[in-house]
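Copied over from TrEMBL, here are the features:
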type	residues	note
BINDING	E68, D178	divalent metal cation 1 binding site
BINDING	H104, H127	divalent metal cation 2 binding site
Amino acid sequence: MIDCHCHLPSRYKCVLNLHENGTSDSFYRQLTSFGIHPWYCGDENLCQKQLQILEQLVKQNQIIAIGECGLDNKLTSNSVSTQKKWFLKQIELNQHYNLPVYIHCVNMVNEIIILKKKWINQHWIYHGFNSSYEVAKKLISMNCWLSFGRVVLNNNNIKINTSLKLAFENKRLLIETDNDETHFTDLQCVYSVIASRLNCSIDVLINEVHESLHQLQIL
């Protein structure tokens, strides 16, 4: 199983969980992304330094994706204009490298869709997808992948299930936990629930995620 978006602490407890849940026998298969998160873009000098670090990491092939980055009109006090400034700088930088981009989007999906039209050739991954079938269909048509996470554990509704099915049928499905310490146990739960919703085996689901990652040239 692959977790397509998580935040792992380098703590011994995480190593124990990794071993006990049979996810992998070491951390050597971690793949890393880097980006300026909209929650933490309020410091101009710091963000400029991070942008320079991002370009260095990309040039040195130290990361496989940019992000998470994006827009959030609910969970941060940073202005949308400031968020957009640093989001655009990262997207513009990516024009030269064409890495996948992990998108953080909260209450800003229309703005993300408008921006995506300009960078239609970039591969964007909509992290933590929890929107409608219509939004899912639009994003998939615009060269986006949809990454579903722990929201499926608490929401067995038509909105989530129809979006899941659409992403699965179009081979644009990724699975994530967006978690740290409980990442390894949550991952198994999320895969199990999604497989049940899609009426497929976990092995089939794992293969679908692998195929999406191959399309993104991450694997």
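Just so you know, glycine gets a Cβ as well, placed from its N, Cα and C.
Sequence features annotated in TrEMBL and their locations in the structure.
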{"residue": "E68", "record": "divalent metal cation 1 binding site", "DSSP class": "strand"}
{"residue": "H104", "record": "divalent metal cation 2 binding site", "DSSP class": "strand"}
{"residue": "H127", "record": "divalent metal cation 2 binding site", "DSSP class": "coil"}
{"residue": "D178", "record": "divalent metal cation 1 binding site", "DSSP class": "coil"}
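Ranked by Cβ neighbours within 10 A across all protein chains shown, the binding-site residues E68, D178 are led by E68. Rounded to a whole value, the Cα-Cα separation of H104 (divalent metal cation 2 binding site) and E68 (divalent metal cation 1 binding site) is 6 Å.
Residues within less than 8 Å, Cβ to Cβ, of H127 (divalent metal cation 2 binding site) and separated from it by at least 6 positions along the same chain comprise H5, G67, E68, Y102, I103, H104, C105, S147, G149, E176, D178.
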